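Here is the structure we will look at, set down as structure tokens.
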């Protein structure tokens, strides 16, 4: 059953910062996270351009080269307005998982990913070990919108019986 998966990625959607206004004075934002055919979403936060979701969404990973896509929307009665999008490359996270690090002190930073033209990072992102888990903190700048960032945390979860990465 799990032989086509390489693992899971827990995506904690922490918060939005300075999101675009799509209603009269504010927005009612939510985030959609996609990879392949999977699509998950956060709850709607009413009347906020700095929403705090702190919500965890878990994606099944078949191919680590697939991009995780984020889309932010403003919830409306009829048609939800787009509030920007971003793409995440989870390969740096997977590269650290492949190192199979053990007995590493908590909060040891193993790798840093710097913003460049190929990624949506707003600032340098650290991949680190915490309680034996590989985690990555990210701040992504939304594209196709006038302003806004989303703070995220990724965590890799190995699956017993999944194919090795």
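Heads up, the Cβ atoms here are built off N, Cα and C, so glycines get one too.
What TrEMBL says about a protein is an automatic prediction, not a curated fact.
Small disclaimer: the values here were computed from a predicted structure and weren't measured.
According to TrEMBL, the features are:
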DOMAIN    1-106  domain 'C2'
Taking DSSP H, G, I as helix and E, B as strand, the domain 'C2' (1-106) contains 8 helix, 47 strand, 51 coil
Mean pLDDT for the domain 'C2' (1-106), as a whole number?
94
